[in-house]
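Here's what Swiss-Prot has on this protein:
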- 33-53: transmembrane segment (TRANSMEM)
- 77-98: transmembrane segment (TRANSMEM)
- His83, His182: heme b b562 binding site (BINDING)
- His97, His196: heme b b566 binding site (BINDING)
- 113-133: transmembrane segment (TRANSMEM)
- 178-198: transmembrane segment (TRANSMEM)
- His201: ubiquinone binding site (BINDING)
- 226-246: transmembrane segment (TRANSMEM)
- 288-308: transmembrane segment (TRANSMEM)
- 320-340: transmembrane segment (TRANSMEM)
- 347-367: transmembrane segment (TRANSMEM)
Amino acid sequence: MTNIRKTHPLMKIVNNAFIDLPAPSNISSWWNFGSLLGICLILQILTGLFLAMHYTSDTATAFSSVTHICRDVNYGWIIRYMHANGASMFFICLFMHVGRGLYYGSYTFLETWNIGVILLLTTMATAFMGYVLPWGQMSFWGATVITNLLSAIPYIGTDLVEWIWGGFSVDKATLTRFFAFHFILPFIIAALALVHLLFLHETGSNNPTGIPSDADKIPFXPYYTIKDILGAMLLILTLMLLVLXTPDLLGDPDNYTPANPLNTPPHIKPEWYFLFAYAILRSIPNKLGGVLALVLSILILALVPLLHTSKQRSMMFRPISQCMFWILVADLLTLTWIGGQPVEHPYIIIGQLASIMYFFIILVMMPVASTIENNLLKWK
């Protein structure tokens with residue numbers, strides 16, 4: 001009798017993706033983050049669904065409805081904090097996943113990488129709109145500041161902003177449409193993730209050496225299913241430590257004040273996972289220039305495959321490139337710190353230097369380092 005796992009039309013797809021999938025025998029824990037992102041997405045969709053059952057997207061009642069969820073709904077507080085901190089875990093996994101791709105040269109799978117960049121942008125858009133929904137001070141002013149950036153677009157800017165707002169300021173229409181988009185986008189992300197996986201399985205996974213591993217493959221189950229379960233346990237442990245012990249650690253106290261258009265908070269800043277891009281935006285004195293730098297700080301990832309000059313795929317055996325990579329990581333941490341600081345000396349100049357460094361490392365230093373390493377290979 002043939003195995004149903006291998007013959008049933010639906011089971012066959014699952015089998016070929018998660019059970020009998022040939023995987024390299026030497027992939028490290030850095031390859032766990034793809035499955036962890038899937039878990040994060042499922043968790044966010046489920047908690048978000050239960051929150052949407054009790055949330056009202058009206059400016060008069062949005063803040064109160066979130067308070068109601070935390071106070072009156074059975075386990076509403078844990079669902080709300082799992083959703084809020086789940087977003088943070090999502091972005092930690094995303095940054096690790098992208099970092100892994102950069103370090104080990106996974107960006108040479110062009111289709112997979114480009115879908116990944118689109119996924120990153122979509123997730124950032126979703127998270128931004130979700131932050132607006134509780135309708136606290138930082139929600140309102142964050143929405144105002146970030147949507148207002150579109151007014152920097154020549155000629156159509158102002159019309160575009162008012163079209164997105166649905167009026168002349170961030171108001172009821174804006175909140176309602178942001179809720180609608182925030183609800184639908186995770187399902188689009190899920191669909192894109194499947195396409196991401198489809199393209200990945202066309203080529204098979206990369207591995208730490210960057211050398212083709214066709215000669216040495218092992219089945220995904222049980223080896224990597226067990227490994228992924230370990231990663232999932234650690235992810236859930238970290239999330240629950242955050243949720244149950246310090247649920248507001250990563251939030252902003254200003255968001256516990258209902259939105260007030262007449263009172264601007266002293267420091268408007270987004271959630272921690274956007275601070276690096278926010279720092280780059282603020283570093284440029286010109287509005288349009290800042291917006292372009294902000295967009296390019298993410299879209300530059302799409303250029304990385306074109307900037308690959310090395311004869312080797314992975315950075316595993318390239319010490320100079322490794323140095324550049326870790327300097328880039330340190331630079332991103334610096335930008336994240338600067339994004340949360342007020343706009344005053346010495347933070348302004350540090351932010352400007354870190355922003356220049358960010359683009360300089362990716363566009364100049366990494367290709368140069370690769371070329372030097374290529375020449376060192378010929379050195380006798």
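In case you wondered, yes, glycine gets a Cβ from its N, Cα and C as well.
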Folded-back contacts onto the transmembrane segment (113-133), same chain, C-beta under 8 angstroms, at least six residues removed: 55, 57, 62, 66, 87, 90-91, 94, 97-98, 101, 106-107, 139-140, 142-143, 146, 174-175, 178-179, 181-182, 185-186, 188-189, 192-193, 195-196, 199, 270-271, 273-274, 298-299, 301-302, 304-305
His196 (heme b b566 binding site): secondary structure state under DSSP, collapsed to three categories: helix
Annotated stretches the transmembrane segment (77-98) and the transmembrane segment (226-246) touching (3 or more Cβ pairs under 8 Å): yes
Stretch of maximal Cβ-Cβ contact with the transmembrane segment (320-340) [cut-off: under 8 Å; candidates 33-53, 178-198, 226-246, 288-308, 347-367]: 347-367
For His182 (heme b b562 binding site): intrachain residues, at least 6 apart, with Cβ closer than 8 Å: Gly48, Thr126, Met129, Gly130, Leu133
Spatial neighbours of the residue listed as 'ubiquinone binding site' that are distant in sequence (at least 6 apart) but have CB under 8 A: Asn16, Ala17, Leu21
Contact check, the transmembrane segment (178-198) vs the transmembrane segment (226-246), 3+ Cβ pairs under 8 Å, seq sep 6+: no
Rounded inter-Cα distance in Å - His196 (heme b b566 binding site), His83 (heme b b562 binding site): 24
Contact yes or no, the transmembrane segment (288-308) and the transmembrane segment (226-246), 3+ Cβ pairs under 8 Å, gap 6+: no
